[in-house]
Amino acid sequence: MPIIIDKDLPARKVLQEENIFVMTKERAETQDIRALKIAILNLMPTKQETEAQLLRLIGNTPLQLDVHLLHMESHLSRNVAQEHLTSFYKTFRDIENEKFDGLIITGAPVETLSFEEVDYWEELKRIMEYSKTNVTSTLHICWGAQAGLYHHYGVQKYPLKEKMFGVFEHEVREQHVKLLQGFDELFFAPHSRHTEVRESDIRGVKELTLLANSEEAGVHLVIGPEGRQVFALGHSEYSCDTLKQEYERDRQKGLNIDVPKNYFKHNNPNEKPLVRWRSHGNLLFSNWLNYYVYQETPYVL
């Protein structure tokens, strides 16, 4: 089933070329069906790339989704045209009196700062509080997951000696949780971060359940009570070449960055990346949408 997005959103062309089913709002309004209202709080500077990554995954389900893109009013985005934000994005003030079936909070390149040093932290806290009573389920990704774990449960993040960068094998730790329905016992997911949350801290919070982790990359998937909050420390939404672009960007900046682990064939950056996370990335998002959003949300929000 399709996702409903603005007909002029640049990501629309990318998705259509990949045979992702998209629909205009005008067409959707003629169908006698309630689409799920999904908000994406896009904290990434690469807004259009992140839009395509997430829409690609949530569009690959049998559900009709009405997608609302959000940006932070208290932060000036320097890497995206203001015209793009004005045309396709809303702020929290625009939607704070509405309810949503699902909310996705993305990562952000601010993890070396303390949470309180982030210029939009107060606004983000208001959004996370809002989500507790106005959203059926919220999926937090990477720094967004760290922020959610810290705000809701007091879980700290810790700096890493070296950037966790690459594609890592993870093990399922809970066998009978719907979020992991259809998962293999071992699966891969990309990580790209300078900080971590620790398994001992997660296990120390009785409301949280550790679902999957990696011997090398640490905590990946965590879930809160009744699936109202889901936390993914990795980047299952990443495109094939996202880590490659990050690696080349940092090299061009003169940063001392290692080749992303387990990513390029033969670990050679001159060869093609090996994509080993796509199927489980699709499964993660479809399970979240089906079991924790669609199956749980009321017909009338």
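Just so you know, glycine gets a Cβ as well, placed from its N, Cα and C.
Taken verbatim from Swiss-Prot:
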{"type": "ACT_SITE", "residues": "Cys142", "note": "active site, acyl-thioester intermediate"}
{"type": "ACT_SITE", "residues": "His235", "note": "active site, proton acceptor"}
{"type": "ACT_SITE", "residues": "Glu237", "note": "active site"}
{"type": "BINDING", "residues": "Lys163, Ser192, Arg249", "note": "substrate binding site"}
{"type": "SITE", "residues": "Glu111", "note": "site 'Important for acyl-CoA specificity'"}
{"type": "SITE", "residues": "Ser192", "note": "site 'Important for substrate specificity'"}
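Structure with Swiss-Prot features highlighted.
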residue: Glu111; record: site 'Important for acyl-CoA specificity'; contacts (Cβ under 8 Å, 6+ apart): Trp143, Gln146, Lys157, Arg193, His194, Thr195
residue: Cys142; record: active site, acyl-thioester intermediate; contacts (Cβ under 8 Å, 6+ apart): Thr106, Gly107, Ala108, Ser192, Arg193, Ala232, Leu233, Gly234, His235
residue: Lys163; record: substrate binding site; contacts (Cβ under 8 Å, 6+ apart): Ser192, Arg193, His194, Ile257, Asp258
residue: Glu237; record: active site; contacts (Cβ under 8 Å, 6+ apart): Thr50, Gln53, Leu54, Arg56, Leu57, Ile141, Gly281, Phe285
residue: Arg249; record: substrate binding site; contacts (Cβ under 8 Å, 6+ apart): none
Quiz item: Which Cβ among the recorded positions (Ser192, His235) has the fewest C-beta neighbours inside 10 Å?
Solution: Ser192
Quiz item: Tell me, by DSSP, whether His235 (active site, proton acceptor) is helix, strand or coil?
Solution: coil
Quiz item: Can you tell me the three-state DSSP label for Cys142 (active site, acyl-thioester intermediate)?
Solution: coil
Quiz item: Going by DSSP, is Ser192 (substrate binding site) part of a helix, a strand, or coil?
Solution: strand
Quiz item: Given the substrate site residues Lys163, Ser192, Arg249, which other residues of that chain have a Cβ within 8 Å of the mean position of their Cβ atoms, reported in sequence order?
Solution: Phe165, Leu243, Glu246, Tyr247, Asp250, Ile257, Pro260
Exercise. Tell me whether Arg249 (substrate binding site) sits in a helix, a strand or coil according to DSSP.
Key: helix
